[in-house]
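Undergrad: One structure, as structure tokens, below. Some questions next.
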């Protein structure tokens, strides 16, 4: 199944049923009163988060969703049937945007969470409603109103506590294999990771966190090079970013240069995302001669102007990964407690995520517009083989 994290759909709620014009007719009742019933309300369109889904690919093929209209009223004060609501299942982690106004309608972040995106039309009134002491035989009715319609943009972002950032072949996939049961593809060539991979890291009994590996970014990614920029948005919901630096790169670039490139591209994509809490992880210590290790690590720290702790690990052997995961669990627990106890912290987190969303979306749309003008992108979308047949799933 292809991994698709964006889609546009058209939704229209059902029309309300018209009110009925009717009078009671019965043997020996010459002038029965009005008995026209109301129409039924139109069905609404509702999105429902489903944790069993992990891609928006279905919306690439079915783009129109129309809810059922309400039925018209009938005589004998019979109300028309209400149109059934149309429920559309989307993956957990889907952001819903009104494509015409740019307004974010909501985030579906919990399994079973619902979001009404188009309100059904209101029912029309039958002539019974207009009976009065001065008008015993009203012929007035009203029609049902039309339902709301919208063009929606759906954006799916994977839900993870920790996100991995780095250049291709930095060892991100090897790291996620080492600390969880996830088994992303690993090989000695760039862009082995083509879509996000998720793994559940179990630190202690009943203590775990989710980690996300996205395709590596390269120099010029913010201008459209490589695969990484379209996946950087998946880091929006991460509480901590792990910047993994390869101490033994296979090409001519130095570890210090690689570290600076990743940070610069992150800033270009979203300054707010670049300000997220970020930890430095120096990987492949086992592949560096012992007499060169200290100097190589220090070169990265100096190039970044890094003042915090720098973790030294070997993802392939597991050296240093246990301490790193324990520290991550402690930090994440502290962040969860703060969000639970402080409304101000929750509001701040919400505002930061919204800002990252806006900055990232604007950047991606700007690049797509440039590609369209250059004739590199079709008018409908960019659905191509870059998506690949890989599923994103939580593996514990």
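Cβ atoms are placed via backbone N, Cα and C, with glycine included.
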Undergrad: Among 66-92, 93-119, 120-146, 147-173, find the range that Swiss-Prot records as region 'Disordered'.
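TA: Spelled out, Swiss-Prot records region 'Disordered' over residues 120-146, not the other listed ranges.
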Undergrad: I need the most crowded of these binding-site residues: 172, 284. Count other C-beta atoms within 10 angstroms of each C-beta and give me the top one.
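TA: That would be 172, with the highest Cβ count within 10 Å.
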Undergrad: Tell me, by DSSP, whether residue 314 (GTP binding site) is helix, strand or coil?
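TA: Residue 314 (GTP binding site) sits in a strand per DSSP.
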Undergrad: Treating G and I as helix alongside H, and B as strand alongside E, what does DSSP give for the compositional bias 'Polar residues' (129-144) in helix, strand and coil?
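TA: Each residue of the compositional bias 'Polar residues' (129-144) counted once, the result is 2 helix, 0 strand, 14 coil.
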Undergrad: If you measure from the C-alpha of residue 173 (Mg(2+) binding site), which of the binding-site residues 215, 284, 314 fall inside 10 Å?
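TA: The binding-site residues close to residue 173 (Mg(2+) binding site) (Cα within 10 Å), listed in sequence order, are 215.
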Undergrad: Using a 10 Å cut-off, grab the number of neighbouring Cβ atoms around the Cβ of residue 314 (GTP binding site), all chains included.
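TA: Residue 314 (GTP binding site) is surrounded by 21 other Cβ atoms within 10 Å.
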